[in-house]
């Protein structure tokens, strides 16, 4: 009987595996759609006007995925402060907020990369499970691509964190250029503090520390002008005060 367990990839078949894990399959499909829409925004093969609509579709699909994942993590919804506090600890809640921040804003390529890459990584993980359910030797070329993605996962997560950080000044620039709303930088700052405090994904916090070390190393060189050094040190102190306390 152990060989016929529904969740077991061996012998169950890909379709049976996906039907057994319906919520995971729904998120997999929405992530694939997010990747598709994001790619058509980054590479506007159908024209610039269509690219803007694909930008919105990608963020809406990501919002759906994030909502499904949040429901999976916290299935029993409660209208209480305790539930909200618990939800704000979840990465899926962070990216639900992220999607809502940018879905109606001016399309920015930098803002689509975290959505695209997170969807790609998570879709790749589930695709490997589907392939295992289909057979251990099925589609070797696709498996090779998925293995390469897995090998470069840390670099991809660092790149995502870099985008998350530099979108903060980008939202301020968009505000002064007339392409953003007054509330967007403040809401995005809240998102960034949530990413900084993330328990499951420390890359944003680690990258902040790495950037601070690099900047301090550069400005402490004798060739660095004094006013630049002071400006950088004041900026570092200001950003450090804004950073949330991490347990």
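Glycine too: its Cβ is placed from the backbone N, Cα and C atoms.
When pLDDT values are averaged over the topological domain 'Lumenal' (2-31), the model yields 74. Per Swiss-Prot, the feature topological domain 'Lumenal' maps to 2-31 (among others).
The N-acetylalanine annotation in Swiss-Prot covers 2.
The annotation transmembrane segment is assigned in Swiss-Prot to 32-52 (among others). Tertiary proximity for the transmembrane segment (32-52) is limited to same-chain residues at least six positions away from its ends with a CB under 8 Å from its CB atoms, namely 58, 61-62, 65, 107, 109, 112, 115-116, 119-120, 123.
The topological domain 'Cytoplasmic' annotation in Swiss-Prot covers 53-100 (among others).
The annotation transmembrane segment is assigned in Swiss-Prot to 101-121 (among others).
Within the chain carrying the topological domain 'Lumenal' (122-155), a Cβ under 8 angstroms from the stretch's Cβ atoms is held by residues 9-10, 12-14, 16-18, 24-25, 27-28, 31-32, 35, all 6 or more beyond its ends. Residues or ranges marked as topological domain 'Lumenal' by Swiss-Prot on the basis of a curator's inference: 122-155 (among others).
Counting same-chain residues at least six beyond the ends of the transmembrane segment (156-176), those with a Cβ under 8 angstroms from any Cβ of the stretch are 105-106, 108, 110-111, 113-114, 117-118, 121, 149, 182, 184-185, 188-189, 192, 195, 201, 203-204, 206-208, 211. Summarising the annotation, Swiss-Prot assigns transmembrane segment to 156-176 (among others).
The topological domain 'Cytoplasmic' annotation in Swiss-Prot covers 177-247 (among others). Broken down with DSSP, the topological domain 'Cytoplasmic' (177-247) shows 47 helix, 0 strand, 24 coil.
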Which sequence positions outside the transmembrane segment (101-121), separated from its termini by at least 6 residues, show Cβ-Cβ distances below 8 Å to it?
-> 31-32, 34-35, 38-39, 41-42, 51-52, 55-56, 58-60, 62-63, 65, 95, 149, 153, 156-157, 159-160, 163-164, 166-167, 170, 174, 179-181, 184, 187-188, 191
Tally the residues of the topological domain 'Cytoplasmic' (53-100) by DSSP class, grouping H, G and I as helix, E and B as strand, and everything else as coil.
-> 38 helix, 0 strand, 10 coil
